[in-house]
Each structure stands twice: as structure tokens, then as C-alpha cells.
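*Asks:* TrEMBL lists these features:
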- A:Glu76, A:Met380: Mg(2+) binding site (BINDING)
- A:Cys98: Ni(2+) binding site (BINDING)
- A:Cys98: Fe cation binding site (BINDING)
- A:148-419: domain 'NADH-quinone oxidoreductase subunit D' (DOMAIN)
Amino acid sequence: MAPTSAPDMLIPDVEDVVADARRRHGVTPPADQTMVINLGPQHPSTHGVLRLVLEIDGETVVSLAPDIGYLHTGIEKTCEAKFYQQVVPLTDRIDYLCPMTNNLAYCLAVEKLLGLEIPERAQYLRVLLNELTRIQSHLVWLGTHAMDIGALTVFLYCFREREEILRIFENVAGQRMMTSYFRVGGLSLEPPLDFYQQVENFLKIMPGRIQQYEDLLTGNPIWLKRIKGVGYLSAADAIALGVTGPPLRASGVDWDLRRDMPYSGYEKFQFKVPVSNDCDVWARYIVRMDEMRESVKICQQALAGMPTSGPITADAPKIILPEREKMKTQMEALIHHFKIVTEGFPVPAGEVFQAVESPRGEMGYYVVSDGTAKPYRVHMRNPSYATLQALEVMCKGRLLADVVAVIGSIDIVLGEIDR
Amino acid sequence: MDAGVFGTQAVLEALPENAAVKALASLATDAKFDRKELTITVARENIIAACKEVQQAGYNFLEDVTAVDWYPSEPRFQVTYHILSHSLKERVRVAVRLNGEDASLDSITSVWPSANFYEREVFDLFGVRFGGHPNLTRIMMPTDWNGHPLRKDYPVEGYR
């Protein structure tokens, strides 16, 4: 076979190939042709059932419209048909990655309506469990976010640690995910004896593990190329669009409800609020990594400062179910139990709004009471819902692949978007 | 539990230094300070003006827009705005009461773009219309859905 001449071996220019193909097929596309495509609702990077209607020019995003409503649960309507205590398990399901945070926000709102005081030990336990929830929620975020971008190892590592936290939840509440551990007026059960040791062991290993994730990602050139400078969201835009939580702090707004409007005894804890001025996906990553470290510190303080004994429920026999043992000996306890289970407890009329800092941002519960045993209206103000509005601002003019990185960075949970 | 303060005049006297009370003193039709939460009711034609006033007064962050259906009493709907101030570390609840036959008011998307999704949600689930909204369409329910599920006269298990 004769040796081919040098010019034939050159790789042809892509433009030339395309031009040639167009000439042969008689295609002359207009210069500014855009295409509408659907990302989701079942795409793995949309974290649930989010459908994004994207208008793209080549690979550049021209416009983006989120389409939600695939998960419609009717949860707010259902709340209106239940007794106050029956709503607690429903709140677990609104955001399945932070059930404890939802429990807390709802219970605090109803307690505010009732004017109930919660014992110190219950408050400490609530804070401890909330911070563990934050860590496990951030671990799912980190794992799936890294996986969206193509780093599978981190996902496996994160789920290894998350499993430890779920074991703690299982030990304390009997459930791994839908814990329903909190009650209006306190907690449902006394934590088992090995609970404190279990948490302590976990807190000992966790800082090292967070370092492991950072070793894998923070200096990784592929990771940096995909997230640095991507998904810019200015502080003014973040506030105007209702963004809260880590995305807000990553835009340089120093605001954290735990520090600035403390609830459930958070004023007793010392912790830093991580803030970054980079406003991009990288900033959201760094802010959440630091938040996990701070959460570990809060958990340690909670363990150290917790009273060793004392009740875990408020002294309100008409609201809290009596202990099982008391029901066998005391007629009163039996009556209270019967009445709470069959008739609920009336809550004085009024309206309250209670927001807590969930892993995704400000989770607010607006509860309206008309004086009966069923809530007249329960509205959940969910952080992802507002953050989703900012998605278009973050993605416009960027590449299609950047949309995936940005969705991961806002840590979306579709359960809390649909009502 | 400390007793609340009810009525515009009483709230004005109890909280003369509150920034939201000062800003909305002339627009308020009713006010209450109950369970340490301030609620100020304004007339529906004043909602944009009220939002601009509280924004000027330092309440920079719109947290939530929702509604309550007080069926069968009139005025039937209460549209509630929760507005937060990052600098004052305070919240104010602005409320608007609407009649059942004519449940409509102005959209505040010009003051806070974040109201876009919230108002669509209220429209979808309560049937309250927002004039001047850029895209007032259903957001949760299918476009051909019959009725507004969060109204009190909509059965929990749905029609059928």
C-alpha cells in the first residue's frame, strides 16, 4: 500500500466537516437558532422530579423555566384535617433529608401558640439532633453533588458517615428517616443509655472524615474547573429572589437564624457562621463544608452542656401523652391519654410564624389556629422553593453542563417544593 | 403567656419605636401584637405602597406570601406577607383581607421579584388573583384542574 501523503493525514477542521455536511444535505440553519429541551423530570441530576424547560442556543442556556408540581402531596390540606399532634409525622415527609428540622419548626410554632415552656434537657437534645440532621443532609448533598459532576468516590464516603447518623436516629427514635421524634411540648421518648456514647464516638471521627472529602475535592483540578466561577448570584439578587441558607451566605450575606434570631436555646452555643464572597458554586461548596465542621462543634457543646437528668417534656398533662407505666396505675393518666388520642388538645386562637435554619435555609411554619383541636391552616415556607426562582439568574448564559453543577449547589429537595 | 395588644391605636401606643409600626401607621386599618409577633392589616389597594414603605424602613427580605380562607365569613380571604429585616432582626406580618366574590389585589413582584412563585402558589391553591403579575398561571396543579384545593369549601378528598 502506497504511503499516504502528509496533508491527508491531518485531522480535518470541525468547521469544514460541518460546512461540507451542510452543503451535501442542503441545510442552511439560521444564525440564531435556539432549541427547547427538557431536563428532567426523571433526570438523575434533578434530585427528584424537577422538570426544567431550557431554551438553548448550541450549548448555551438562553432561558430556563422550572416546572414543578409532579409530587403534589396535598400536605397542607391534609394538615387541616388532622389533630395538632397528628401533623408531626406529616412534617417529616415535607423534606425527607431533614425530618428533625421540620419537626422542630412545627413544634416550636404550636408551642408558641400554646405558650408552652420546654425543659432545658429537651432543648439540648433538640439542638443536638438538629445539628446531626444538618450533617447528614449536607452529606447527601455533597455526595450527590459530587456524583453529578462525576466524582463517585465521595458519594460512597459520604453515605458511609450518613449511615452512622441514621443508626443514631434509629437508636433514639426507632426510625432511620421519618423519625417523628419530636412532640409538641418536648420529645416522644427518653433516649437510650448508649445514645450519648454513640454520638460521642461519631463526633470523634467526623472532623477527620470531613478532611478526607476536602482532600478528595478541594484541590482537585477537574472539580475546580467545573465549579469555580459557575452559577454567579450576587447578594442583591439573592435577597430580591428570597434565597436563604448556604446559597445566601455564599453570596456574602452574613445571616443565620441560629445566631441572629435564636430559637430553642441556640443562644447558648458558640459557633461561627461561614460566609463567602465568591457568590458561585465553589462558594456554596466551601460554606457547606465549613458548616459541617461548625455543626460538629455545636454537637460537642450540646453533649457537654446537657443536664444529666430532668424531664424531656413540658409539664402539660393535657397535651403530652402520659408515660406507659403511669397509665397502669393512675386513672388520671388513662383519661388524659384517651382524650389526647381521641379528641386532641385545643390550641388558643391566633397565628404564628416560626422559622428555623434548616440545612437548605429558612424553613418557616405559619400556623393559624381557630381555637379547636385541629390547625385551621398550616403553611410551610420552604427554602428550596424560593431558591429555585434564582436558578435562571445563576444559569443564564452558561453552558448546559453548568446547569447540572448549579442544581447540585442549591441542594434542592423536591419534597419541600411541592405542597 | 403575655396578653396581646389589639387595635391600631393600642399597637401604636405600645410600640411607638417599632420601624414597621412607624412606616405603616398611616396605611394600617388594623394591627395586633400577639405572641411577640406584629401583624399589620392594610387595605388591598395599598399593598404595593405598604410593601415599599416597609422596605424603606429596613425590612429588606420577603420571606413568604400565603393566604388563609375564612369561609364562610366575609371578608373571606386573608393574604399574608411575612417580611424580615436582616438589620433589625425582626419580622412583620402584613395582611390584606379580601372579599370572596372579588378576590384580587396587586402583585408585589415589582417590589420583591421573589413574590413571583409565592403569588402563583396562592393563585393556584386559593384562586386569589394578582394584578400585574408577570406570569399568573397554575404552578402546582395541572392547568386544566377544576377548583382551588386549599379553599375550605373544597373537600379534603377532592370532588368526585
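Glycine too: its Cβ is placed from the backbone N, Cα and C atoms.
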*Asks:* Tally every other Cβ atom lying within 10 Å of the Cβ atom of A:Met380 (Mg(2+) binding site).
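*Replies:* The answer is 24 other Cβ atoms.
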*Asks:* Around the C-beta of A:Cys98 (Ni(2+) binding site), how many further C-beta atoms are within 10 angstroms, looking at every protein chain?
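*Replies:* The Cβ of A:Cys98 (Ni(2+) binding site) has 26 Cβ neighbours within 10 Å.
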*Asks:* CB neighbours of A:Glu76 (Mg(2+) binding site) within 10 A?
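*Replies:* Its Cβ has 20 other Cβ atoms within 10 Å.
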*Asks:* So, in DSSP terms, is A:Met380 (Mg(2+) binding site) helix, strand, or coil?
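*Replies:* DSSP call for A:Met380 (Mg(2+) binding site): strand.
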*Asks:* What's the CA-CA gap between A:Glu76 (Mg(2+) binding site) and the residue listed as 'Ni(2+) binding site' in angstrom, rounded?
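*Replies:* With the alpha carbons as reference points, the distance is 18 Å.
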*Asks:* So which of the binding-site residues A:Glu76, A:Cys98, A:Met380 end up next to chain B, with Cβ to Cβ under 8 Å?
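*Replies:* Cβ contacts with chain B under 8 Å: A:Glu76.
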*Asks:* Rounded to the nearest angstrom, how far is the Cα of A:Met380 (Mg(2+) binding site) from the Cα of the residue listed as 'Ni(2+) binding site'?
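*Replies:* The Cα atom of the residue listed as 'Ni(2+) binding site' is 14 Å away from the Cα atom of A:Met380 (Mg(2+) binding site).
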